[in-house]
Ligand code: ADP
């Protein structure tokens, strides 16, 4: 029998707020998502009261887990500072707890320099985690993340892909995966194997529009859980497809995921480069090395005759990378086959491994791998 939202609400009436009111009457609950026994929601409270609410969050999680048929309960405490309440610095110190979901204080963007949270525990068995990020959406970040992961696979590495683009998880579509991950004996989710990659996406668990309404702290909780409650096995590189942009959610993610490096995707247009610069600044702020910039949709390659046209005033990302002292990892043309293969769920590196585009992604993968050699060798 499938779990219903009403069952979740009923279980929450048994849990009291710090003021003794049933949780369901405390006006703090977000929308509740229930899919195949997986329950997600957040408790939204004032930052000044976050400490008092942490035990309520834990009780709520325990109550929901106790409902027959619930396999995963992910409940985040999200804290917003109301006008006039104390500065975040005076809030309780961050700590981790058993389920990998972090208390509200951990979600706050860093106030100048890395916080203690930046020393996140590594994921056992995973040698290097890298972020693929972009300053804005629509620049081909997810397409590049997937094809880069495949390029790294072609170099003989064991590679995973975590779709952390929680606002618009596109990896299910790009890979054609529409099955749900199973749980192993330790109740960890088993990533889906496709194209030789271990793949996990929030899109496997919830509908795309459910994810859309989540706010920053909820995003962090979901991603932390996908990182730590997934049986990744042994991986040389885990590629994380980040949510686009450089807002608080992205910054917190960059800070809280134990990243060995970040790759920034940009298109040649000026605006995108400005956004890319913001991305660079974001990773610098949290001491994550930027492995380099990739220029996507760099030039137009005619599918008929192969002629190259630099319709966007190509080369901007290379110059920008040189100016900023960051590696330039390569340029990927705007090409029909890259788009169509993505839309068909059969990415170009897998569907045309001997073609020119696969070679470009592999060359970029080689530059990325070379920078991670120490981490991979040490694992
Ligand atoms: P983002 O993750 O930045 O939002 P996507 O990877 O979803 O972007 O790509 C946006 C659209 O652009 C998709 O339709 C994708 O197929 C297409 N696309 C991405 N890179 C290329 C490319 N190099 N050539 C042609 N189409 C591309």
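The backbone N, Cα and C atoms fix where each Cβ goes, glycine too.
Remember, it's a predicted structure, so these values are computed and weren't measured experimentally.
Here is what TrEMBL says about this protein:
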DOMAIN    6-72  domain 'MIP18 family-like'
REGION    81-120  region 'Disordered'
BINDING   135, 136, 137, 138, 139, 140, 141, 142  ATP binding site
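Locations of recorded TrEMBL features on the structure.
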{"residue": "137", "record": "ATP binding site", "contacts (Cβ under 8 Å, 6+ apart)": "168, 244, 245"}
{"residue": "138", "record": "ATP binding site", "contacts (Cβ under 8 Å, 6+ apart)": "244"}
{"residue": "140", "record": "ATP binding site", "contacts (Cβ under 8 Å, 6+ apart)": "265, 267, 296, 297, 332, 338"}
{"residue": "141", "record": "ATP binding site", "contacts (Cβ under 8 Å, 6+ apart)": "132, 133, 134, 165, 241, 242, 244, 265, 296"}
{"residue": "142", "record": "ATP binding site", "contacts (Cβ under 8 Å, 6+ apart)": "163, 165, 170, 171, 174, 241"}
Task: Where the C-beta lies under 6 angstroms from ligand 1, the matching binding-site residues among 135, 136, 139 - done: 139
- [ ] May I ask you to report the DSSP-based helix, strand or coil state of residue 141 (ATP binding site)?
- [x] helix
Open item on the list: Mean pLDDT for the domain 'MIP18 family-like' (6-72), rounded to an integer?
Closed with: 89
TODO: Could you break down the residues of the domain 'MIP18 family-like' (6-72) into DSSP helix, strand and coil, giving a count for each?
DONE: 29 helix, 16 strand, 22 coil
TODO: Give the number of CB atoms, excluding that of residue 139 (ATP binding site) itself, located within 10 Å of its CB.
DONE: 23
- [ ] Out of 135, 136, give me whichever of these binding-site residues has the highest number of other Cβ atoms within 10 Å.
- [x] 135
